[in-house]
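Colleague: Sharing the feature lines straight out of TrEMBL:
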ACT_SITE  319  active site
ACT_SITE  365  active site
ACT_SITE  420  active site
C-alpha cells in the first residue's frame, strides 16, 4: 500500500513537472514577446524571409511534379477542377468548407478574440491570422495559440482607425455619379479615387528593389482595408439616408464601426457585422473577385487598382450580386404566397421558378459539395438572436425543400445552400433592407482576404499571371490527333 502510494505520488509529481515544463515553455514564448509583437508589420518582416526560402525550396525540389491532367472540359468550362493558383491565406475543401490558415469557421469563432465574451470574432483578428498564420502554427513552444492575442488585435484595430482617413476628392468623385447609380459602381469609383495616394506606385516610380515590393504593398493594403468602410458607408448614406454621413467612433472596432457609420446602433447588428465581415473575407483564390485581384496585382498594379478590379468582378450576378438576388426572391415568395406558406406551396413555387428557366438563388456552389459552413454559422446566429423572424422561418423551410428538388432535377452537383442564402435575411431583420447595397458589404469584407494575399504575392515574388489560351480549331485538331494515336 505504501509502495502504491509512493508510485501514485511519483506519478503526480511527474505530471506536475510535465505541466510546469509546458507552462514554462508557454511563459518563455510569452516573455519573448515585445512591443514589436503588437505591430503587424514587424511580424511580417520576420516571417517573410522564412517563407521565401520555403517557396524557393519547393520549386527547386518539386517544380516538375504534375498536379493532374487538364481536360478539354476544364479548358472550355471555366477552368473548374484545375489547380493553377498559389493562395496562402485560405483553402476551400469541397466537403469541409473554407479554412483560414488551417482554421475552420467554428474554430475561428471559438479562438479569435471577440469584442465581448462569447461574441463573434473581430475581423481584425482574422486579418492578423491571414497574414501571419503560418508562423503562429509553427511556433516551437507548446501550446501557444494559433491566433493573435487580444492585445495584438486591439493594437491592429487602433492602427486601422488611425489609417481611416479619406480625402474629400474621393467623396467628390462619388458625388459626380447619379445617386441612382448602382452601389457597387459608386463603391468601385471611390476605391479608384483612393488610388491617388498609393504608396506602392510612388515607391515603384522611385525604383524600389523587388525584394521590398511587399512593404509599400503592405502600406496600401492596410490603408485600403481601413478606408473602405468609410467609402462604403458614404455610398449607403448618400443613396438611402439623404447624404447624412456618420463619422467614425474611435471606441469601436472594425465591424462595429462599419455598422455604426451605416447608421445602426444595435449591439446585435454590430455583432452581425463582425460575423459577416469575418466569414465573407476570403474563400481561396479561384473565385472571380479573388482571382481578379491576384491577376491584376500580378502586373504590379497597386492594391487600389487590383481591388477595384476585384470589385467589378464581385458585382456580377453569378458572384457577389447573388446575395441581393436571394432576398429579392424570398420576398417574391412572400408577396405571392404569404408568410405562412406551407411546404407544398413552397415546393410549387420552387418548381415554378425552375420551370421558368431561372435558378433558385442561394443554392449550389462551384466547389462545395455540402452545406456551406458560412450558411450554418449565420443560421446559428439567427437561432440565437431572431428565431421568430418570419423570413428566417422561410429560409429554414427552403433548407428542407430546395435540396431534394434540385437533386431530383439532376442538373446540379451541389443542391445545398451557400452563404448568400442566409445573409440577406439577417441584414433585413436589423433594418438594412436595401438589397441592392448588399454586395458592397461583401466587397468591404473581401478587402481583407484579397489585400492579405496581395502582400504575400509581393513578398514571395509571384510572377505575372499568363496562362496559355487555345482556339476551338486547335482543340478539335488536338483531339483528332490524340484519337488517331
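Note that the numbers count up from 1, one per residue, in the order the chain is shown.
Including glycine, each Cβ sits where the backbone N, Cα and C put it.
Those TrEMBL annotations? Automatic predictions, nothing curated.
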Colleague: Identify, in sequence order, the residues in the chain of residue 420 (active site) that are 6 or more apart from it along the sequence and have a CB within less than 8 Å of its CB; answer 'none' if there are none.
Modeller: 322, 323, 325, 326, 361, 362
Colleague: Of all the active-site residues here, 319, 365, which one's CB has the most other CB atoms within 10 A?
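Modeller: Most Cβ neighbours within 10 Å: 365.
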Colleague: Fill in the CA-CA distance, residue 319 (active site) to residue 365 (active site), as an integer in Å.
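Modeller: Rounded to the nearest whole number, the Cα-Cα distance is 10 Å.
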